[in-house]
Structures are given as structure tokens and as C-alpha cells.
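Below: one structure, written as C-alpha cells.
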């Protein structure tokens, strides 16, 4: 019985090792190290410290870029994918527009699940909770865009926006490649795509919304998901497919949530920390709570199916294939 109890404690410690920096485990430093080597804990602390130092340098040495970073983080907000990028892409190409919406809702759902499982801190509360800067406080300050309530890893701005903009980038690249002969001109869409996402990532670090490693993981995951999902966007599917997708997103996230809750994990920890350490209560964004994005994703999936099968959509004459249509990784047009 004693051995079984020890195995249970060891399993629990290993499960919680991936998010050792959350408030629950910082209250007892001995628990945060878990059964693994102390080097893992030290490495994570060093990574987080370096992230704060980077944000401090950006805020104090480049203050004239403040408005630029605020504008860039607004452009990279996943909510704008539904409000601006999707309508604009759909106006240019029906297939590209549907791809942007589909990839947005699937990637945002995955980002929600990743954040639940990884328990990443956000810099604006970590500087206070860690106690590292108790003797010499970091010279950093918050902004209205800093106080998001969800966990921080991976960055949603980088992951979701990076994946959703992938079909736009490939569509523009194929169109430019058909008209330009210069290699550098053909590379411009890819360079703009990478530069914009890099700027979005830097803006999130500047605003104390994310650590650099969270930004990097979001960029890589978003690009990979965009590359994998762009050729596989469902265009000619039954309405039931979209309805079942919406239901699966809702029930799947709820099942994961209650499973983790049953295991004793407090998934509201990030909301409590955001409310506690945000400089102004009005800066705490309730629309950044996990279930806000979940409702948006499930609603978008169902709305997409209804729109594609509506009589008004059926009356719209199909457009001729254009060079800006989506292409598979191998370069061939995506099948209808």
C-alpha cells in the first residue's frame, strides 16, 4: 500500500513538472522541482529570466517603437482573422477565404488545448509571482493588451495567425510566380509573411504577454499547421459534417477540461493571476478566457456549413480557377 502511494505521488509530480512555474507550485519550491533533476527547473527559470530581460530592454531602449508594437499586435490578434482577413480573402478567392476561416477555427481550438496542458506563465504576472525581482524590480510596465487571462504557451497570436495566413501567402506566391521572373520578387510574399509574424512575436514580448520561447513555439506550430491544413480544407462536404465538427470542438474541449479538473488541476489559475496582477481592472480581457474562443470556434464551424449550403450561396456563380488558388506543398492546385 505504501509503495502504491509512492508511485501515485511520483506520477502526479511528473504530470505537474511541465508547468512548475504556476502559482500553485511556486508556493512550495520543493514540489516545483519534481522527481527530475534540478537542472530542468534551473533551465526554465533561466529561460523566463532571459525573457523578462529582453522585454525590459525593448521597453527601455526602444520606447519610440511602442505605437508600432501596439499596432502590430492588433493586426496579429486572432479575432481579426474572423473580422478582417477572412472577408478580404474570400472577396479575392472563395477557396482561399474558406481556408482562412477553417484553419483559424481548428488552430484556435488546438491552441486552447495546448495552453491547458502546458500551463505557461505570462510575463506580466510572472515577474511578481516568481519573487526573483523582489530585491531589484524589473523596469517593465504593462499595456492594455498585456492582461490576457489564458495561459501563455504557445502564443496564440503567432500560432493561430501564422497558420491562418499561410493559405493567403501561398496564394499570393503562386500568383506572383506566374507573372514575375526574378527569384527575389517571387520570394517577396514569403518574406513578408515571415517578417510580419516575427514582428507579431516581438510585439507580444514587448507587451509582457509572452516569453520568447512561447513565441517561438507558436511560430513553428502555426507554420507547420498551415502547411498541413491548407491543402485539406473541406469545401464540398455535407452540412452535417460542419455541424458535427462544431459539436466535436465543443464537446472535445469540455471533455478535456473536466478530465483535467477531475484530476485536481485548477484551470482557472491563469484567470486568478491575471486579475491579481494586472495594473488596471479594465485591462483584464474577458474575451481572452478559454471558453470565449471555444464558442467562437464552434460557432464559426457551424456558420461556415450553413453559409456554404444556403440558397444564396448556391445562386452565386462559381468563379473560374485562378492562379491565386491554393496549392498543395508539391505545387499542384488543391482539388475542389
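The first residue you see is number 1, and the count goes up from there.
Just so it is clear, glycine is given a Cβ too, placed from its N, Cα and C backbone atoms.
Annotated active site, proton donor per TrEMBL: 157, in sequence order. Within 10 Å of the C-beta of residue 157 (active site, proton donor) there are 30 other C-beta atoms, taking all protein chains into account.
Around residue 210 (active site, nucleophile), the same-chain residues six or more apart in sequence whose CB sits under 8 Å from its CB are 122, 123, 152, 153, 155, 157, 201, 204, 218, listed in sequence order. Sequence annotations record features per position, and here TrEMBL assigns active site, nucleophile to 210.
For 122, 204, the entry in TrEMBL reads substrate binding site.
According to TrEMBL, the domain 'Phosphatidic acid phosphatase type 2/haloperoxidase' annotation covers 96-230.
Within the chain, the transmembrane segment (98-118) has long-range Cβ neighbours (under 8 A, six or more residues past its boundaries) at 18-19, 78, 81-82, 85-86, 89-90, 150-154, 156, 159-160, 163-168, 218, 221-222, 225-226, 229-230, 233-235, 249, 252-253, 256-257, 260, 267, 290, 293-294, 296-297, 300-301, 304, 308, 326. The transmembrane segment annotation in TrEMBL covers 98-118 (among others).
The feature transmembrane segment is assigned by TrEMBL to 159-178 (among others). Here the transmembrane segment (159-178) has long-range neighbours at 76-78, 81, 85, 89, 92-93, 96, 99-100, 103-104, 107-108, 110-111, 114, 185-186, 188-190, 192-193, 196-197, 200, 217-219, 221-223, 225-227, 229-230, 233, 322-327, meaning same-chain residues at least 6 beyond its ends whose C-beta is under 8 angstroms from one of its own.
Sequence-remote contacts of a segment are chain residues at least 6 beyond its ends whose Cβ falls under 8 Å from one of its Cβ atoms, and for the transmembrane segment (190-209) they are 51, 54-55, 58-59, 65-66, 68-70, 72-73, 75-76, 122-124, 127, 140, 142-143, 145-146, 148, 152, 155, 157-158, 161-162, 165-166, 169, 173, 215-216, 218-219, 222-223. As annotated by TrEMBL, transmembrane segment applies to 190-209 (among others).
The annotation transmembrane segment is assigned in TrEMBL to 215-234 (among others).
Per TrEMBL, transmembrane segment is recorded for 241-260 (among others). Under 8 Å from some Cβ of the transmembrane segment (241-260) lie the Cβ atoms of residues 105, 109, 112-113, 116-117, 234, 267, 290-291, 294, 297-299, 301-302, 304-306, 308, all in the same chain and six or more residues away from its ends.
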Contact set of the transmembrane segment (215-234) with the rest of its chain, CB cutoff 8 A exclusive, min separation 6+ beyond the ends, reads 95, 98-99, 102-103, 106-107, 110-111, 114, 153-167, 170, 197-198, 201-202, 204-205, 241-242, 326-329, 334
Per-residue Cβ crowding (10 Å cut-off), top of binding-site residues 122, 204 = 204
Residue distribution over DSSP helix, strand and coil in the domain 'Phosphatidic acid phosphatase type 2/haloperoxidase' (96-230) = 96 helix, 1 strand, 38 coil
Please give the average pLDDT for the domain 'Phosphatidic acid phosphatase type 2/haloperoxidase' (96-230) in this predicted model.
-> 93
